[in-house]
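Trainee: Found this in TrEMBL, in case it helps:
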type: ACT_SITE; residues: HIS514; note: active site
type: ACT_SITE; residues: ASP558; note: active site
type: ACT_SITE; residues: GLU567; note: active site
type: COMPBIAS; residues: 97-147; note: compositional bias 'Low complexity'
type: DOMAIN; residues: 156-579; note: domain 'Glycoside hydrolase family 9'
type: REGION; residues: 95-150; note: region 'Disordered'
Amino acid sequence: EGPWGGGSSWTFKGKCTFEISATWAIGTLPVDLIFKQETSNLQIWKMNILSNALNGMLYELNNKYWVSPGTLEFNFMVDYSGTINSYPQGSCISRISPGSTQSTSSTSSTTTTSTTTTTTTAAPSTTTTSGSPTSTTTGTTTSGTTTVPSNTAHNYGLVLEKSILFYEAQQSGDLPPTHRINWRGDSALGDSGIYGEDLTGGWYDAGDTVKFNLPMSASVINLAVGLYKWKDAYSASNQLQHMYDSIKWPLDYFLKCWRNSAQIYYAQVGNGDTDHAIWTRPEDMTISRPPYYLNSSKRGSDVAGGTAAALAAGALAFMGEDSSYSTSLLESAESLYAFAKAHQGTYNTYIPEGAKFYSSSEYRDEMCVSAALLYLATNKTRYRSDAITFYNSYSPGRWAYDWDDKTMLCDVLLYEITQETKYKSAVENFVTSYMPGGSVQYTPCGLAWRLEWGSLRYSANAAFIALLAADAGIGNTANYKQWAMSQIHYMLGDNANDFSYVIGYGSNYPLKPHHRASSCDYPPEVCDWNDYNSPDPNPHVLQGALVGGPDQYDNYEDARDNFRTNEVACDYNAGFQSAVAGLLHFAVNGNLPAAPTPAC
């Protein structure tokens, strides 16, 4: 794509594609990126740049993430001197030689076939350049201390990798060095509190650019609990450091939102109505982004308690990784929990600008979860007592597990803490209500379908609860695992249309999600409502995003203007990603049952 620039200084974008035939995921794939003229400032997010020789005519690369059998593609941007039509031509060549052996902690035989083509598009002409295809080679190429099982019906490690990339696409603020989405840049750098406090960072909620802390904290709870429980899944897929980087971004933002000395908690940045009235890339926003806060006279123990729970879950997840950071998270979690406990109530009245989009039905579920997680993190009995007290003080319907109702997670945690039958029975009743024969409706192809708006989040979240239950020894653990697989596999393509609802996974997936940033082409192209109304696919692939999902008859329309079925959101992916981590955990440990036969 491109080139763009002026005078004699230009930048263009290209792509390398390799066809990989392998028994196992490949740990290290050496690649030479060769140009026929000098280049500079190579930018590439899927590969490591090991060396630059001949003034940018030869770059030695290897992959940042495990390479799964199938197609490996990576995009790059590079600068060159010349004219708009003298863009570099070249090729990509794998450097695995026949019979080579790489030093690893475990090995498996692989066969790699690479197609060395680089396709570049430039105005006014289109040119495809091909290098000589390399021969089929064999070698032993894995990395890490564990390997991803090859006998699972879907590539769970790849799904985790892509889901983490989705969260990187949602990052707001001054992007970190670990950021890998080349079509995103710094944004919302002026986000601040009423006294000028720094409120940059965090995640944009969905296809928009508001930071709603109620669903954001729910997302972090699910992701951090999944990491805490099933860390080995991220290690096995070589995604552990990426996962720590992923959840640290919103956790750092939450630390900014809670001002203990002033007893002010910032629960939201940006106005939903103002934000939704424009369609542009986050980097180009010029609208006002007001902060919304709670204090001693403005209650909101749902969002404050939920954020305390996210901080406590983060402290548990980081406890063995970064003890200093874990301690900071825990200190803030405890003080924010105390604030939420002292000023009980929902935030609906005091932040109606948030409740208009995320109206809270209860606060004691968040307080129960935060108290239970604080007990696990501190072993202080007062938190155990608080969790039980909050649990007993309301009558939940257990209709779903989502950003609003966290009761089911409290049931699981309290069973693990107390081993009391009533919590176990509540979990069993919930899971069986979602299984065939229960009260939840099913689509013809086997999806437990609770509600049209974001239908997949409900079944994904229920699958997450089922796997937490199986991990805790609740219910028929084999049946719970198989049922969770049936739901996750439906989302990954086990349905009548062989359609993956996870963008970038498989060969048939949504192309037009309701998502501002990915719908906007690279600058200097203007992005506005014309892009929203465009019939074309989004210019950028929003890797790993789980779209809302089908209707009760398995029907789905890939339409950007349908935010009920085709928007993406942080909370959609969170329970889904942790459910995938749970499945991979059981597979790594050899106790994942055979995958169920798809209904269609």
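Placed from the backbone N, Cα and C atoms, the Cβ positions cover glycine too.
Caution: TrEMBL annotation is automatic and unverified by curators.
The shown structure was predicted, so the numbers you read here are calculated from the model rather than taken from an experiment.
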Trainee: Once the chains shown are all counted, how many other Cβ atoms turn up within 10 Å of the Cβ of HIS514 (active site)?
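Mentor: I get 25 for this one.
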Trainee: What residue among the active-site residues ASP558, GLU567 has the most other CB atoms lying within 10 A of its CB?
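Mentor: Output for this query is GLU567.
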Trainee: For GLU567 (active site), which DSSP three-state class applies?
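Mentor: Looking at the DSSP assignment, GLU567 (active site) belongs to a strand.
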Trainee: In whole Å, note down how far the CA of ASP558 (active site) lies from the CA of GLU567 (active site).
Mentor: 10
Trainee: Cα of ASP558 (active site) to Cα of HIS514 (active site): how many Å, rounded?
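Mentor: Between the Cα atoms of ASP558 (active site) and HIS514 (active site), the distance comes to 9 Å.
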Trainee: Mean pLDDT for the domain 'Glycoside hydrolase family 9' (156-579), as a whole number?
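Mentor: 97, rounded to a whole number.
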